[in-house]
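Asker: Take a look at the following structure, please.
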Ligand code: ADP
């Protein structure tokens with residue numbers, strides 16, 4: 001709880017992982033819990049961003065990098081105004097993630113990286129958007145984790161397994177990290 005006149009500390013919480021790993025689901029469950037606790041929260045949904053902020057960008061290495069930098073910039077702006085910016089976006093390249101983290105650090109804004117470490121075979125069964133099926137059928141190429149790179153975070157603030165866990169449990173694990181870092185109670 002913040003007292004009148006003080007602004008809660010914001011931060012960016014980047015949920016990185018393969019398509020269908022659970023990033024979006026966890027972000028929204030966590031957002032609900034944080035809002036119920038009185039925090040200002042924004043979920044920067046990857047698909048929405050691609051429609052507006054990153055319209056025209058594709059899925060080459062360069063475009064994926066640009067997309068992540070733009071999202072990182074917006075997340076940081078929000079975070080610097082006391083918002084918890086939850087970012088469920090694949091961000092497959094370590095150097096893209098490192099650049100976002102470095103800019104947050106340089107500006108004194110909190111940044112946490114959460115690796116949603118669902119194995120590719122589990123993601124392919126979930127296949128929320130049908131992307132794995134399309135790739136298998138030869139209708140799509142460049143699917144992260146299948147025929148496009150995913151560089152596994154080497155030193156995330158938190159790594160969670162979603163397999164065998166409920167959404168509430170996974171969201172609680174990220175919530176516990178925020179409590180530990182003094183970002184919520
Ligand atoms: P992503 O945003 O990573 O592409 P989504 O969140 O859209 O993935 O989809 C993940 C799917 O996995 C959802 O259908 C969700 O209900 C399911 N799921 C099963 N267990 C979990 C869990 N513990 N955490 C998050 N999602 C889970």
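Yeah, the Cβs are placed from backbone N, Cα and C, and that goes for glycine too.
According to TrEMBL, the ATP binding site annotation covers 17, 18, 19, 20, 21, 22, 23, 24. Among the features that TrEMBL reports, domain 'APS kinase' is placed at 10-160.
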Asker: Using a 10 Å cut-off, grab the number of neighbouring Cβ atoms around the Cβ of residue 17 (ATP binding site), all chains included.
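Answerer: I get 29 for this one.
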Asker: To what whole number does the mean pLDDT across the domain 'APS kinase' (10-160) round?
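Answerer: Averaged over the domain 'APS kinase' (10-160), per-residue pLDDT gives 97.
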Asker: What other residues of the same chain, not counting 17, 18, 19, 20, 21, 22, 23, 24, have a CB atom within 8 A of the CB centroid of the ATP site?
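Answerer: Here the non-site neighbours turn out to be 15, 88, 90, 116, 118, 123.
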Asker: So among the binding-site residues 18, 21, who's got the most Cβ atoms within 10 Å?
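Answerer: Checking each of 18, 21, the winner is 21.
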Asker: What kind of secondary structure is residue 19 (ATP binding site) part of, going by DSSP in three states?
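Answerer: It is coil.
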